[in-house]
Amino acid sequence: MNNGMQIFDYEDIQMIPNKCVVQSRKEVDTSVKFGPHTFKIPVVPANMQTIIDEPLAIWLAEHDYFYIMHRFQPERRMDFVRDMKKRGLIASISVGVKDDEFDFIEALAANELTPDYITIDIAHGYAQVVIDMIQHIKHYLPNAFVIAGNVGTPEAVRELENAGADATKVGIGPGKVCITKLKTGFGTGGWQLAAVRWCAKAARKPIIADGGIRNNGDIAKSIRFGATMCMIGSLFAGHEETPGKHVNIDGKEYQEYYGSASEYQKGTHHNVEGKKILLPVKGKIGDTLKEMQEDLQSAVSYAGGRDLESLTKVDYVIVKNSIFNGDQY
């Protein structure tokens, strides 16, 4: 690793404004082309069981937002892809790397079902079995757009891209309900934004910044440092449409939010790298997505541009932890 590399996270960065060239932020185009499709904003809700389910996936696809369906109801995936295709919507699913997942890819091909997007979703994505899965998908479903992760180094990005991945997901344990850094001593928690920058410099294909985003301004910062798309969990948790279990405490409504490697997800205490928290229920997800878009439009206006490209060129300063601690919410 480069010892001269700048280490920072979202709360350590402030971008420096340029002259505004739009009359209104409504003129700003926040759309992003990711693979074969274009989406309203460079944001995707995390593919976690407390964040996304089939009705929400349909709603997101109908409204031109990117989504990735989680992989924790494997028996539903074939029908889900078929249903989305019948609706004329994009089909975007997740797979793991166990033997039956390789069989599932072959079954999709046998049924002549090609999802638009397939995300290989494991905690430590820099692994031979992930490379094997990328090549397996590309052999049986050559037209699927393959997202592979998660990784945290340029070497991993290059190797997964060379294996055939169309995009890589960067982030090892920076999420709000991920405790990888505490359980293992490894990860990008505390320097996730620097890791995104480090990986993006090596990437030839799109990067998804996954985890550690606590505020809408962090989306703009992710774009500045090379991400094409941002995966977000905690900001989407606790909405009326998200599928986490509701809990009433002293008359207040909360929703469960837990990590994909938590014991609540796994149903076992073995190899746990996630935890469960309760978040206040906070209204409709459409309102949050609209607010994200408006804040991103404002960010682009501060960058002196009309679209997301302008964010990639702005100057910035590192102000170590002087704004606030990103976990205060």
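Note: Cβ is positioned from N, Cα and C throughout, glycine not excepted.
Positions annotated as active site, thioimidate intermediate by Swiss-Prot, on the basis of sequence analysis: Cys178. The feature NADP(+) binding site is assigned by Swiss-Prot to 207-230.
Shown here: features listed in Swiss-Prot, placed on the structure.
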residue : record                                : DSSP class
Cys178  : active site, thioimidate intermediate : strand
Ile207  : NADP(+) binding site                  : strand
Ile213  : NADP(+) binding site                  : coil
Ile219  : NADP(+) binding site                  : helix
Phe225  : NADP(+) binding site                  : coil
Quiz item: Which one of the binding-site residues (Asn216, Ser222, Thr228) has its C-beta surrounded by the most other C-beta atoms within 10 angstroms?
Solution: Ser222
Quiz item: Near Ile207 (NADP(+) binding site), which residues of its chain come within a Cβ-Cβ distance under 8 Å, counting only those 6 or more away in sequence?
Solution: Val157, Ala167, Thr168, Lys169, Val170, Val196, Cys199, Ala200, Gly226, Ala227, Thr228, Met229
Quiz item: Among all the protein chains here, how many other CB atoms are within 10 A of the CB of the residue listed as 'active site, thioimidate intermediate'?
Solution: 26
Practice problem: Determine the Cβ neighbour count for Ile213 (NADP(+) binding site): the number of other Cβ atoms within 10 Å of its Cβ. | Solution: 29
Exercise. Among all chains shown, work out which of the binding-site residues Asp210, Ile219, Phe225 has the most CB atoms within 10 A of its CB.
Key: Asp210
